[in-house]
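Annotation source Swiss-Prot lists disulfide bond at 16-37, 22-42, 26-44, 38-64. Positions annotated as domain 'LCN-type CS-alpha/beta' by Swiss-Prot: 2-65.
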């Protein structure tokens with residue numbers, strides 16, 4: 001399993017302001033374990049390995065991974 005910004009068929013990650021929106025989006029639409037709003041896009045945790053995710057910098061990934069843990 002992996003973490004990241006899950007993308008839809010048009011290659012876009014859902015934009016957000018609220019974390020509960022992302023949790024629903026990540027769990028119900030992308031079947032992840034959970035999700036939250038990180039830097040204005042929905043960041044999902046526990047995505048299946050074959051899910052497409054947005055290419056992001058390591059710095060941004062570390063930031064989003066770190067924020068949910070703490």
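Each position is counted from 1, following the chain as shown.
Any Cβ shown, glycine's included, is placed from N, Cα and C.
This view paints the features noted in Swiss-Prot onto the structure.
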residue: 16; record: disulfide bond; DSSP class: coil
residue: 22; record: disulfide bond; DSSP class: helix
residue: 37; record: disulfide bond; DSSP class: strand
residue: 42; record: disulfide bond; DSSP class: strand
residue: 64; record: disulfide bond; DSSP class: helix
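The subset of disulfide-bonded residues (42, 44, 64) lying with their Cα within 10 Å of the Cα of residue 16 (disulfide bond) consists of 42, given in sequence order.
For the pair residue 42 (disulfide bond) and residue 26 (disulfide bond), the Cα-Cα distance reads 7 Å. Cβ-based neighbour count (10 Å, all protein chains) for residue 26 (disulfide bond) stands at 24.
Taking the Cα atom of each, residue 64 (disulfide bond) and residue 37 (disulfide bond) are about 9 angstrom apart. Applying an 8 A CB threshold to same-chain residues 6+ apart, the list for residue 37 (disulfide bond) reads 16, 17, 18, 19, 21, 22, 43. By the criterion of other Cβ atoms within 10 Å of the residue's own Cβ, the least surrounded of the disulfide-bonded residues 16, 42 is 16. Compared over the disulfide-bonded residues 22, 38, 44, 64, the count of CB atoms lying within 10 A of a residue's CB peaks at 44. The average pLDDT computed for the domain 'LCN-type CS-alpha/beta' (2-65) is 95.
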